[in-house]
Amino acid sequence: MHRGDKPVNIEVAEPITVEVLDLDAQGIARLAPSEEEAAQDQSGKVIFIKGALPTELVTYTVTSDKSRFSKAKVREILKPAVFRAEPKCAAFGICGGCTMQHLDIRAQVAMKQRVLEDDLQHIAKVKSEEILCPMGGPTWEYRHRARLSAVNRSIKKGTVLIGFHEGKSGYVADMLACEILPKHVSDLLPEMRKLVMGLSIVDRMPQIEIAIGEPEDAQSDDPQKSKPVTALVFRNLKPLTTEDEQLLRAFADQHEVWIWLQPKGIETIAPFYPLTGKLCYRLPEFEIEMPFKPCDFTQVNHMMNRALVSRAIRLLEVQPTDRVLDLFCGIGNFTLPLARKAKQVLGIEGLESLTARAKSNAQHNGLSDKASFMQSDLFEVTSETVASWGGAERWLMDPPRKGAMDICKALAELHLQQSDLLPERIVYVSCNPKTLARDVEILCHQAGYRLSSAGIINMFPHTSHVESMVVFDRA
């Protein structure tokens, strides 16, 4: 327990009006200031209320109390918001996978747009010249990657739990379906429970990773070609017995899935049964097919990834004579479509395994002559590092949550030393608005760029995850 925490369970009958929503989808309300606070010109105590939405009048139960704020859960909604929605999932409110199913999808998008704009204004001290129209797609059954936890509760409950963790806890949610997973995978959750329960290593199989590839031909009359390819990676901390192996093979045959095993680190992931198969996704606009392995990083939302790539390349305005850098390139998700447009593209990636996959994908798509790749730690970058990459008219950056601070600082140094190496335009794809805003501050106030446009992509509906895209031009 953190110092200052006061775990309580106090029902508050006095109604309060919720003002805004935070990124954890908690309603934020504020008590009227006490006489002492008012005398010191201070505002009242902040209450974070789980399950409450802006504009709603609610009563609540305080669950944790600190000197400056309290946490609570909604007790009764006296006046619901017009944008309140009925959650579709039975595990909503318990499972930590989704936090916003009770909020209309349009309101979800508006909230994420506000988060992006607020962070740009308050952290970066920059206002975008243009706000891009938010991008959205299917709101259910969109997630093609997932990591599920498994816990044996056979002693107390007579079952195994398989699912996402409960919100901000180490407990696994008791879920028999998941509305954001494709239906054929959601329907497998009860069957996976039975499978794991029957294994001799039920206590030593803590995780199942799901990776789904696109069908070979979705329009085909052949069911084998029109079905998505589904891989399940079982994290087995003990060797399987012969009986365990038989159960896994029977499960794979019955449910038409591809089973992989991971006995130790990520480097030990290998196919178990069947031994052959192919996971891939496609970018039809660019005539690109991207094979991948279950352990490779890919976007979880195939439909929105197509829209993401299309918008990024359109905004980059690549010319046939351009040299382009793609930083944090992964398996080539942006690099290979860019190679269809540019004279030459260099993809740089921190992980050796993804760099190797990117090279393989370039060869698979006949683009090895236009797309090259190198492995480099992009969190240890100096101006000399950037200079060694050579000049490029266009850059695309798609960093992980920690952002690209070292790269931005290196560009700021080059702005003062060797500005001819700076790209004319940068498209930055972000999965964390706060680190994005930090990097925007560096590029706009220290590296000589202006923020031309910014917008969100609703890559993860019903979650608080904010995916965004911004464009920088040399000032």
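Glycine is treated like the rest: Cβ placed from N, Cα and C.
Among the features that Swiss-Prot reports, active site, nucleophile is placed at C431, with the record citing sequence analysis. According to DSSP, C431 (active site, nucleophile) sits in a coil region rather than a helix or strand. The Cβ of C431 (active site, nucleophile) has 20 other Cβ atoms within 10 Å, all protein chains considered.
Under the heading [4Fe-4S] cluster binding site, Swiss-Prot lists C89, C95, C98, C178. Around C95 ([4Fe-4S] cluster binding site), a 10 Å sphere centred on its CB holds 21 further CB atoms from the protein chains shown.
Among the features that Swiss-Prot reports, S-adenosyl-L-methionine binding site is placed at Q299, F328, N333, E349, D377, D398. D377 (S-adenosyl-L-methionine binding site) carries neither a helix nor a strand DSSP state and counts as coil.
What Swiss-Prot records for 1-76 is domain 'TRAM', and it gives sequence analysis as the kind of evidence.
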In the domain 'TRAM' (1-76), how many residues does DSSP assign to helix, to strand and to coil? 5 helix, 41 strand, 30 coil
Rounded Cα separation (Å) that holds between D398 (S-adenosyl-L-methionine binding site) and C431 (active site, nucleophile): 8
Which of the three DSSP-derived classes (helix, strand, coil) applies to E349 (S-adenosyl-L-methionine binding site)? strand
Taking 8 Å from the centroid of the Cβ atoms of C89, C95, C98, C178 as the cut-off, which other residues in that chain fall inside it around the [4Fe-4S] cluster site? A91, F92, G97, Q101, F164, A173, M175, E179, I180, H462
Cβ atoms other than its own within 10 Å of the Cβ of C178 ([4Fe-4S] cluster binding site), all chains, total 28
